[in-house]
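Enquirer: In case it's useful when we look at the structure, here is the feature table from Swiss-Prot:
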type: BINDING; residues: D154; note: Mg(2+) binding site
type: BINDING; residues: R507, 566-570, R603, 610-612, E666, R692, 698-701, R764; note: beta-D-fructose 2,6-bisphosphate binding site
type: COMPBIAS; residues: 803-812; note: compositional bias 'Basic and acidic residues'
type: COMPBIAS; residues: 813-834; note: compositional bias 'Polar residues'
type: REGION; residues: 1-426; note: region 'N-terminal catalytic PFK domain 1'
type: REGION; residues: 427-437; note: region 'Interdomain linker'
type: REGION; residues: 799-834; note: region 'Disordered'
Amino acid sequence: MTTTSKIINDGEGEDVKGNKNINKKSLIDENRLDEKKDLLSDKVESKTHCSVKRMAVLTSGGDSSGMNPAIRAFARQVMLKGAKVFAVREGYNGLVNDSIVPLNWGSVAGIISRGGTIIGTARSAEFRTREGRKRAVFNLVKNRIDNLLVIGGDGSLTGANLLRTEWCSLLEELVKDGKLTLDVMEHFPILSIAGIVGSIDNDMCGTDLTVGADTATKRILEAIDSILSTAVSHQRSFVIEVMGRNCGWLALASGVATGADYILIPESPPDDGWEQTMADNLERGRLSGRRCSLVIVSEGAIDRQGKPITSAYVRQFLEDKGHDARITILGHVQRGGTPTFLDRYIATRMGIEAANYFYDSTIEQLKQPVLIGMSGMDTIRSPLMECVQKTQSIASLIKERRFNEVVDVRGGMFKEFYEIFIACSNLHRRKVESKGMGVLILHSGGPSPGMNPCVRAFTRLGIDHGYTMYGCFNGFGGLALGEIEQLHWMTVNGWSVMGGAELGTNRSIPNDSNIEAIIATLERFKINAILMFGGFNGYLGIAKLYEYREKYQQLKRISIIGAPGTIANNVPGTNISIGSDTSLNNTLDALDKIKQSAVASRRLFVVEVMGAHCGYLAAMSSLTSGAERSYIMERGITLNTLTKDLEMFVERFKREHRIGLIIKSELASNTYSTHFIYSLFKEEGKHLFDVRESILGHLQQGGTPSAIDRIFSTRLMNHYYQFLENDLKEHGHLQMNGCIGFIDGGIHYTPMQEMIEEMSDKFRRPRSQWWMDLVETSQNISVFPLDDPSSTNFEGCNSNLSEQDRPIKKSDISSPTSYSQKTFDPNVNPQFTL
């Protein structure tokens, strides 16, 4: 490499061509540092009052949808903390070739809804050599970066840890080579590493879900849902091949979510003679009335001898057995596309947590690399290499054919879903004797996507446990009228992919006029347990039934349980409710389209979403869409708030912003309605921007259930029967009353009295809501603080956030080419790899 002068960017300028705004002290020789010059003078001087940290983010390995939201959240949270943030372009190649560019607030604007990674990714052969890693260390030190966030798979994270462990020795070599001064080792003693797993395979230990896995599953379900219609028409058998390498999560999740007949995954190879077992299972389905068959093959599927099982082999075997079989290999369609709500959410939360880790940790803590993961809806930190080594051990276990251990290493959720699939696909029934107990399911409240998959799992798992299954039509009103039918195995065939509610739902609840009719119906059908799957009205209904136990002794012999099935996520005993994920995906789809229309004409949109008195949908859609403001009842709306927000939008549009987005919950305020807010902003901003209002309405309740709503409703039903079995074993009869739901990554039971105390009847929501702090988080990372007159979100060294970090005009920026120019347009965010 030729000797050239380059710039260490210390925040005083971002021009790579040596213009006058660059601090000349930051010029160094690429091959040699002047020993008399202190490279770190600015940093050492500032340590006495406020050390300015410098951090970088890179994406490596295969891309996944959700990487961009993670980059956005990390970069902006770092800026709010007072640090300087850089992007390493093209993965580890960028470290080796010094393709490290500074980011400002506008650099990551508008990327939250984009798939892939705007900073590029690559697999680097040079980085695998020690010489390549030495160049990477030099380039990091040259830019005074000693905190690195790596977003990628286990290989990328292993590479980051290797760089960390070699850091000191590589610095010593650079000093010996004369490229760095000795005092550099004193000021850069360690390289701090944080990792976020970006992988569609969901193959990493230490997190419930990896960034990109939910979007990939969505792509698979969209394809399979489309294929099923043609398969049913022609009575065909389809073999679907999905990605996954050594991990069968995508095949397993899509198998559970679509009601597939058979899956082949590397973690649990089928027994010898599996071909005939598969054919027999497909034949049983056809004899039961199914018009199509579905086999899902993970690309890494093997048999017990370690021999690969290909989709072509499966298809040929089925054809030999007389099936009209077809293959669909989904390929890279699984990897791309707009991120789902969940991928945007977890990526945003993990990006913020990574920034907090670099700032909140002690020196000793920073010496140990961490993996930022998710447990339920919250972030967790785990030892990076412990998670990587555990993950990589799975490949060895598969190679050694220790298959009994593989599923256990994958984790409890993987094992649970595999057992659920085996039961629901009729591959292995318990064949237990009938318990002679009737279990009834009904819906109450508004319709929610996920109700039909729930009923399917409820029915099949219940039959598998030996219960007699019943379905009640039209909620508690239907129960009073005796509208009950027994549910059989094939009654719910195909329900896993259906939106709406086949059993029907309404908002009626038990009362003095119908309670005796309800009890008569329960006695006539010999019901021992009631599961209400629905919304807040349903919880009021089961609370009312529980109250009637004092007057009607018959109810004391019946278990009454509520399960969350509402888009509003406003019921007690759970962090999330089934249906809210589908609703948020519908909302984000609409918001993305609205934002595209707004860009063309400098427009501010005021969008109203459902949720009644609960602001969950508004808060979450704001966090994951990049909306500047969200208005919810829990925080209230005042005239002062609206005035400050109006000032903020005026300032933003004055600075050539082309779009603004406000999301309002439908009952956020009785006085300041959606139309009032629209009228106010339209009148005051008419010379700068146009304003439109949009009420999304019932599109939020419809649509095919999302992957998460399908598989989590199934998981919820599996735990419901575990609770029933434990209750039966402990007391000899069913007597549990309360609700079940998702709390802290698990499924928990809440007793009835505790559930009732948690409910706010006035506002029809839980008294305590876990997500409230995220409203402020969303606002903080969406609006440049110097644009926001109400901003109080500066921390620590916030004085370092200046006008230089503000989005600037397009004419001031040059566009990049790979490994060359070190700046890019921070306003329009071009795909760097194009």
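Backbone N, Cα and C atoms are what each Cβ position is placed from, and that goes for glycine too.
Provide an account of the burial state, proximal residues and distances for the features listed.
Expert: D154 (Mg(2+) binding site) carries a helical DSSP state (H, G or I).
Sequence-distant contacts of R507 (beta-D-fructose 2,6-bisphosphate binding site), defined by Cβ-Cβ distance under 8 angstroms and a gap of at least six in the same chain, are S444, G445, G446, G475, N537.
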Enquirer: Need the DSSP three-state call for R603 (beta-D-fructose 2,6-bisphosphate binding site) to compare against my parser.
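Expert: Reduced to three states, the DSSP call for R603 (beta-D-fructose 2,6-bisphosphate binding site) is strand.
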Enquirer: Have a look at the binding-site residues (A568, A612) and report the one with the fewest Cβ neighbours inside 10 Å.
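Expert: Relative to the other binding-site residues in A568, A612, A612 has the fewest Cβ atoms within 10 Å.
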Enquirer: Counting only residues 6+ away in sequence within the same chain, which have a CB under 8 Å from the CB of Q701 (beta-D-fructose 2,6-bisphosphate binding site)?
Expert: G446, P447, S448, P449, I567, G579, S583, M610
Enquirer: Taking only the binding-site residues A568, A612, H698, which one has a CA atom nearest to the CA atom of D154 (Mg(2+) binding site)?
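Expert: Of the binding-site residues A568, A612, H698, A568 has its Cα closest to that of D154 (Mg(2+) binding site).
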Enquirer: Under a criterion of Cβ-Cβ distance under 8 Å and sequence separation of at least 6, what residues of the same chain contact R603 (beta-D-fructose 2,6-bisphosphate binding site)?
Expert: S597, R658, I659, G660, F689, D690, V691, R692
Enquirer: Determine the Cβ neighbour count for D154 (Mg(2+) binding site): the number of other Cβ atoms within 10 Å of its Cβ.
Expert: 23
